[in-house]
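S.K.: Taken from Swiss-Prot, the feature topological domain 'Cytoplasmic' applies to 1-9, 70-82, 143-151, 216-234. Swiss-Prot lists 10-30, 49-69, 83-103, 122-142, 152-172, 195-215 with the feature transmembrane segment. What Swiss-Prot lists as domain 'Cytochrome b561' is 13-217. The topological domain 'Extracellular' annotation in Swiss-Prot covers 31-48, 104-121, 173-194, and the record cites sequence analysis as its basis. Swiss-Prot lists HIS50, HIS118 with the feature heme b 1 binding site. Marked as L-ascorbate binding site by Swiss-Prot: ALA65, ILE66, MET67, VAL68, TYR69, LYS70, VAL71, LEU72, PRO73. The heme b 2 binding site annotation in Swiss-Prot covers HIS84, HIS157 and is backed by similarity to another entry. Per Swiss-Prot, monodehydro-L-ascorbate radical binding site is recorded for LEU114, TYR115, SER116, LEU117, HIS118, SER119, TRP120, LEU121, GLY122, ILE123.
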Amino acid sequence: MGLGVRAAPFTYVAHALAVAAATMVLVWCIHFRGGLAFEATNKNLIFNVHPVLMLIGYIILGSEAIMVYKVLPTWKHDTTKLIHLILHAIALVFGAVGIYCAFKFHNESGIANLYSLHSWLGIGTICLYGIQWIFGFVAFFFPRASPSVRKGVLPWHILFGLFVYILALATAELGFLEKLTFLQSSGLDKYGAEAFLVNFTALIVVLFGASVVVAAVSPARVEEPHEYAPIPES
């Protein structure tokens with residue numbers, strides 16, 4: 001399935017938005033929220049690691065893994081496949097550490113865990129992400145299924161991957177909303193600089209995710225690599 005447009009312009013837009021989103025979340029957590037720390041008497045610094053790792057390490061790196069076939073269309077397929085696999089693995093590790101930091105913050109601050117939709121979706125999404133990675137490793141890398149099996153499961157692998165990716169984006173949006181709501185209920189100015197920064201960061205993430213999805217389902221060139229197409233056509 002193609003959209004009649006090439007992927008390249010959307011990968012450029014996605015990369016620009018990724019830089020913007022990463023910069024904005026760092027400004028938020030370091031300038032407005034006081035910095036980052038794995039160990040601190042100020043427990044909020046521990047929490048600050050969570051949005052940074054989840055956005056930059058989990059969503060942005062995961063997005064790069066999704067777009068690698070479009071960003072490097074002339075590279076050997078086995079090379080881009082390995083990059084795809086490694087980037088997803090790194091994103092998964094960063095996501096796990098980011099979730100650990102949220103639990104650590106809650107536990108050390110006496111806050112209950114897993115009570116919100118954001119937390120439920122977060123755990124569910126990273127579990128699905130892990131399952132998707134394991135399936136992709138076994139089917140396409142090692143021990144690697146037969147060509148006919150790979151051809152049959154590839155569309156499902158792509159569709160499920162995009163589903164998990166969109167779910168991760170939705171979870172991030174809920175996270176921004178939840179944290180900003182908590183801050184505003186504690187006295188943060190609803191129309192202040194920090195509130196606007198968080199809201200605009202969330203909007204940038206939506207646009208970024210949309211660019212990644214469009215790039216993923218658009219052809220990189222006239223002829224896609226033999227074994228990989230965004231959504232293989234019948």
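Using the three backbone atoms N, Cα and C, a Cβ is placed for every residue, glycine included.
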S.K.: Excluding near sequence neighbours, so keeping only residues 6 or more apart in the same chain, what lies with its CB under 8 A of HIS118 (heme b 1 binding site)?
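M.R.: Non-local contacts for HIS118 (heme b 1 binding site): THR171, LEU174, GLY175, LEU177, GLU178.
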S.K.: Using a Cβ cut-off under 8 Å, which residues of the same chain at least 6 positions beyond either end of the transmembrane segment (122-142) come close to it?
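M.R.: Result: 58, 62, 81-82, 85, 88-89, 91-92, 95-96, 99, 102, 114, 149-150, 153, 157, 160-161, 164, 167-168, 171, 175.
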S.K.: What average pLDDT is reported by the model for the topological domain 'Extracellular' (31-48)?
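M.R.: Mean model confidence (pLDDT) across the topological domain 'Extracellular' (31-48) is 97.
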S.K.: Among all chains shown, work out which of the binding-site residues PRO73, GLY122 has the most CB atoms within 10 A of its CB.
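M.R.: Max Cβ neighbours within 10 Å, all protein chains included: GLY122.
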S.K.: Nearest of the binding-site residues to ALA65 (L-ascorbate binding site) by CA-CA distance, picking from HIS50, HIS84, TRP120, GLY122?
M.R.: HIS84
S.K.: Name the residues of the same chain, 6+ apart in sequence, whose Cβ is under 8 Å from the Cβ of VAL71 (L-ascorbate binding site)?
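M.R.: Correct list: THR11, GLU64.
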S.K.: Go ahead and report the DSSP secondary structure tallies for the topological domain 'Extracellular' (31-48): helix first, then strand, then coil.
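M.R.: Within the topological domain 'Extracellular' (31-48) the tally stands at 8 helix, 0 strand, 10 coil.
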